[in-house]
Amino acid sequence: MHADPAILIVDDNPANRRLYQATLSDLGAQLYMASSGEEALDKCTDQPYAMVLLDVHLSGMDGFQVAQAIRDKCPGLDAPIVFVSAVYVHEQDTYRGYRLGAVDYILSPIVPEILRAKAAIFIRMHRLRAEAELHAHAIEKAYRELRTVHAEMEGFSYSVSHDLRTPLGQIAGFADLLQMGHAGPLNEKALDYVGYIQSAAHRMNSLIDDMLLLGNMSRTEMQIQPVDLSHLAQTLLTELEALRPQVHASWQVQQGLQAQGDQRLLRVALSNLLSNAWKYSAGVPRPFIDFGSREADDKDDGQVFYVRDNGAGFDVHAAGERLFRPFQRFHSDSNFQGNGVGLAIVQRVIDKHGGRLWVESAPGRGATFFFTLGRLSSRPAPLV
Ligand SMILES: Nc1ncnc2c1ncn2[C@@H]1O[C@H](COP(=O)(O)OP(=O)(O)OP(=O)(O)O)[C@@H](O)[C@H]1O
Ligand SMILES: [Mg+2]
């Protein structure tokens, strides 16, 4: 639909046409004139008019016949028709007109201000409709592109899981055979090299796992239920302590923190935040991890939860927009190992809940990750 509005004026009286033209000329619409029904039909294009001003008592085809013919010839032209009549229009004819798309009847001689006001409304409606169509097209296009990307992503995930895992499994398998001495005894150096191959294969396997988790995130259906975040954090921290006892961290978990959300996804998010806190505070003398909730202020969209540590921290400003992107790391592998995928996963989980994730940190000053769970968590349901 064209955004520039046009009005079709159909009247066999030249003086009337001049009057309508003078009345409507400065409303920003193009005016098309027709002196008969036949001429009006010639002027019906694919582009809908903002309004058709139609004389009821045309010589030859009358206004109703013209309206009918316009509808028959250009079914797409569903322009509002304003009938003009010098005499009373019989009630039956009025209804006939409405059925043909009349939106109004005005008496001639017309009051110019009234005609202008009505035309201005139809012009505005036309513009709004054109804008809405434009937006609808843009949304449809974006949706089609998204579907394509999604399909590509699925294909990619498939090829990652099948095509990469198979040779990787073979590399790891043959390295194991070498290490076990199936190809004869290996000297110390050779054993070291085999060890490097094994750990690289192990690392790549964990990268593939993370990539698949990230890729599957958008397709994961959420199951919203009450989640006891305090209990979840407590469980995860106990697991971390068992897994990495060499970090003598102490922790504090605020009791009674509940939210509405997807239990499985929230576990994944909290697990990433807590294991980061655990990992990046390993180097300080007394690592301390705190999970809690603070008062929400006006701009917060729901309760604010946080995971705080007193570890290595990082330069949030330098990280900038890369912060929650996959495969971005702000510490070297020699200090802290990782794939750089954890925070991207957390971000997607929080996004899916309609919440927000942000961080306060500085090098050597620990890090606090805050998150909300949007409207889902605003009314915590009682735990059962
Ligand atoms: N609590 C934290 N303290 C200091 N730096 C952090 C903390 N959490 C994240 N970071 C920084 O942000 C980067 C991205 O974190 P993310 O969890 O995505 O990746 P990772 O921990 O390196 O690897 P993994 O994919 O195994 O989680 C980290 O490499 C680290 O530099
Ligand atoms: Mg991490």
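Using N, Cα and C of the backbone, Cβ positions are placed for all residues, glycine too.
In TrEMBL, annotation is done automatically, which means it is predicted and not curated.
The domain 'Response regulatory' annotation in TrEMBL covers 6-123.
Long-range Cβ contacts of Asp55 (4-aspartylphosphate) within its own chain (separation 6+, distance under 8 Å): Val10, Asp11, Asp12, Asn13, Asn16, Gly63, Phe83, Val84, Ser85, Ser108. TrEMBL lists Asp55 with the feature 4-aspartylphosphate.
The annotation domain 'Histidine kinase' is assigned in TrEMBL to 159-377. For the domain 'Histidine kinase' (159-377), the model's average pLDDT works out to 90.
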